[in-house]
Amino acid sequence: MAAWRPPRVEELLAEARRAFMEEFGAEPELAVSAPGRVNLIGEHTDYNQGLVLPMALELVTVMVGSPRTDGLVSLLTTSKDADEPQRLQFPLPSAQWSLEPGIPQWANYVKGVIQHYPASPLVGFSAVVVSSVPLGGGLSSSASLEVATYTFIQQLCPDSGAIAARAQVCQRAEHSFAGVPCGIMDQLIALLGQKGYALLIDCRSLETSLVPLSDPKLAVLITNSNVRHSLGSSEYPVRRRQCEEVAQALGKESLREVRMEELEAGRELMSKEGFRRARHVVSEIRRTAQAAAAMSRGDYKAFGRLMVESHYSLRDDYEVSCPELDQLVEAALSVPGVYGSRMTGGGFGGCTVTLLEASVAPLVIDHIQEQYSGTATFYLSQAADGAQVLSL
């Protein structure tokens, strides 16, 4: 089986323009895109003020549209996986009236960004959303839509905020309109991604540094398990709370401030489960710093070893893996030429990410498909650019 080739931005843009013309009877005036992402290492560390190392993908959300004069927002998505209805209309928020989350869920990400957008006056608009980022696959379709929405509104009502402030608006939208207490990684990489680079993000200071990832002999393979265990949505807030409780027990603001020796010394202050959760986070922050350094010096073997350690820690200490993800990782690791593999994203399903020699990619894909009990989807990606304004 070959890796899936996602549609290029130009193809998505053409689809969006056609849909806009059909729905609204005119050509759109504006177009933007924002990418999904894969996190190479640094899982469940962002909401602990830790380090993460994502890269933007060539999978993107495209938004096209035009301003309106009646104070309404009219939306349509072409995504088959989005919940119904695929179109809706609502008035802009005002001093007297705030937007509220509702049905369909996909539109809540758009509503949240509109509600929290920092500049004024807001202008109504009609827009069509088209995306190649799979929903629920752990590749951040939500942040992709939030950042596309923010970038679109910027064209109608320019803001003066720094990029970190824009990411925080999108993060707040997800907290308050989707009910997900996410960290800030997904929004930052969607804004700041650069072709040929991963991005090391310090989620405490919001400082970022580019890590070269453009060796043509190297490939990043994303494997979607195509399973989504319902545990994911309920367990995410539990993990976050457990981390906060351990930090509090140790008198720290977050687990970022905790060294492994301090955690070991304070074992009696927390539950066995809390200790394991914190051990994952503290060790994962250290692994992420080491991995960024390894990638910068071209030491792919060291990077791969750290990926594998990360997976085992997520499986055993953080307990967010599942049999399907474990199967995919073990299958990948059994092929020569694979440097490392791990689950990526929140867990309980979704995707794995594998670093490998580009030449063995077809072999790895065939082997995983043979070994995997389910039906996986494969996607080979280069590190891509962040949000863009597209010309029409």
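Residue numbers in this text run from 1 along the chain shown.
Backbone N, Cα and C atoms are what each Cβ position is placed from, and that goes for glycine too.
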Where Swiss-Prot shows Glu43, His44, Asp46, Asp186, Tyr236 binding alpha-D-galactose, which of Arg37, Arg228 is named for the same site?
Arg37
Non-local Cβ contacts of Ser140 (ATP binding site) (under 8 Å, 6 or more apart, same chain)?
Gly36, Arg37, Val133, Asp186, Ile189, Ala190, Gly345
CB within-chain contacts under 8 A for Gly138 (ATP binding site), separation at least 6:
Thr344, Gly345, Gly346, Gly347, Gly349, Gly350, Cys351
Nonlocal residues around Glu43 (alpha-D-galactose binding site), in sequence order (Cβ under 8 Å, 6 or more apart):
Val52, Glu284, Ser310, Leu314, Tyr318, Arg342, Met343, Thr344, Gly345, Gly347
Cβ neighbours within the same chain of His44 (alpha-D-galactose binding site) - under 8 Å, at least six residues apart:
Arg239, His280, Val281, Glu284, Leu314, Tyr318, Val320, Gly346, Gly347
Asp46 (alpha-D-galactose binding site) to Ser141 (ATP binding site): how many Å between their Cα atoms?
17
Starting from the Cβ of Ser141 (ATP binding site), draw a 10 Å sphere and report how many other Cβ atoms land inside it.
24
